[in-house]
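Presented below is the structure to which this report refers.
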């Protein structure tokens, strides 16, 4: 009887839980089918061509477009209804970031359309339809995420679960397709460098999917074909960001939220000058290193070794600085006594899981390099720099993950109202009183001197003097001593707050510095500066094909880790 009595409240969640399980299984099967199709095309499986893969992706995008249009139309009809929102999801800076990547993705689509027009005689029609469909899909999806990323869906929940999870895995498949295409291009360039350097002991076959016909306009074809691969890193980041935002939307379906005031945390440049200067120095030097590396690598054996040595030394210096900054931030956290926010938050949980999960990609590459250095019989001089580099990559990610995860879980500091209204009063031996601005006024960056009011803070000193008129010398002395005691107490409150503000300023500078460093470390692998390919030691120990497979699997996660860390550190900077 007790179970039956409680069944309406408990049983009501079962259909929604089943819908969540069914929709997740639908999405996984959708993804696995596309993944196998992508793999079959990559290995030139019999009967599978690129047109089959593109047809599958076009179908998925069209289904998502229909669902998004239906959702947007239904939202317009229910515009007057008050809906719950997840204030932590779909931050404005995240929307701006995905919009930037989407704009570059649209440029990529225009290049693909131009490439198809020039090679239209020997390309499948799907290669012309795909970029057009993808451009429409990108525009509508960005609009959808701007308007509805914070939604907590409470109606048509079962249908919406399938629609959102379909969108999540469609973006993951588009991400996989972009990663594979870009990796094949990088691998071909690496093989060409090996041919130039005269490696005859490695079987090298170029995996070329170039059209088997002449281009109508040679110059334009060259611009389109080369430009496409420089824009792929932005397309890859766009789809992975979209999939994470849609996943948070899926987790929020049917969620009950606690209504509480959410404090806005805008980004401010004030107070982070030091972190920004050092971070910009790292960013500038990294861009210079990448340019020199791409010019020198593959030209000759000596130039390649110098390029690798230069890359490793620069990366070791940057990673050492990042480790030091992260340790300082963690020490400051240990000195503070602040509670953690353990409330349910799908966006924050996903951020933490992605940080640890994607860090495994670069950890795999680092351990592979360490093992290769230990097991190799011959060690060229430049390969020894790979050992501290690989060790520092592992340590730096340990420290940075701990700093970011603790930062996003820490409750925002609330300034005590007693401290906010504190007024520091200095009483001289004479009749003149000097009043400094209140802490609240200092905190807000202005002094309320237009009000004309003098606060009656110390009843025994100031107000007593005004009301009492002519007291005795002994009474006046005791009042002055009382004022001095109060003033000393007030200064202790102020100095304590000054220490807190100094800690906060240091943390903000560290977050800003690490933000720019992660952007800097995203650039080299995203634009083809990959010593894991060019080092050569790992390929000798593990074999060419096994090591290349490991690099192609792990590198996309390593690249995403840097961009996701930069996004998380931007949030930490706003929150601190």
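FYI, residue positions are counted from 1 along the chain as it appears here.
Even glycines carry a Cβ here, placed using N, Cα and C.
Please treat TrEMBL annotations as automatic predictions, because they have not gone through curation.
These numbers come from a predicted model, not from an experiment.
Going by TrEMBL, these are the annotated features:
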{"type": "TRANSMEM", "residues": "26-47", "note": "transmembrane segment"}
{"type": "TRANSMEM", "residues": "53-72", "note": "transmembrane segment"}
{"type": "TRANSMEM", "residues": "93-117", "note": "transmembrane segment"}
{"type": "TRANSMEM", "residues": "129-146", "note": "transmembrane segment"}
{"type": "TRANSMEM", "residues": "229-250", "note": "transmembrane segment"}
{"type": "TRANSMEM", "residues": "271-295", "note": "transmembrane segment"}
{"type": "TRANSMEM", "residues": "311-333", "note": "transmembrane segment"}
{"type": "TRANSMEM", "residues": "354-379", "note": "transmembrane segment"}
{"type": "TRANSMEM", "residues": "506-528", "note": "transmembrane segment"}
{"type": "TRANSMEM", "residues": "540-561", "note": "transmembrane segment"}
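In terms of C-beta pairs under 8 Å, the stretch of 129-146, 229-250, 271-295 lying closest in packing to the transmembrane segment (506-528) is 271-295. Long-range contacts of the transmembrane segment (26-47) within the same chain: residues 53, 56-57, 60, 162, 165-166, 168-170, 172-173, 176-177, 180, 184, each at least 6 residues beyond the stretch ends and with a Cβ under 8 Å from a Cβ of the stretch. Through the fold, the transmembrane segment (311-333) approaches residues 278, 282, 285-286, 289, 293, 382, 385-386, 388-389, 392-393, 395-396, 399-400, 402-403, 406, 410, 503, 506-507, 510-511, 513-514, 517, 520-521, 524, 529, 531 of its own chain, all at least 6 residues removed from its boundaries and within a Cβ separation under 8 Å. Among residues of the same chain six or more beyond the transmembrane segment (540-561), those with a C-beta under 8 A of the stretch's C-beta atoms are 179, 183, 187, 202-203, 233, 236-237, 240, 354-355, 357-362, 364-365, 368, 371-372, 375-376, 397, 522, 525-526, 530, 532-533.
Residues 23, 86, 89-90, 94, 97-98, 100-102, 104-105, 107-108, 111, 138, 141, 145, 148-149, 151, 153, 161, 164-165, 167-169, 171-172, 174-175, 178-179, 181-182, 185, 346-347, 350, 354, 526-527, 556, 559-560, 563 of the same chain lie 6+ residues outside the transmembrane segment (229-250) yet bring a C-beta within less than 8 angstroms of a C-beta in it.
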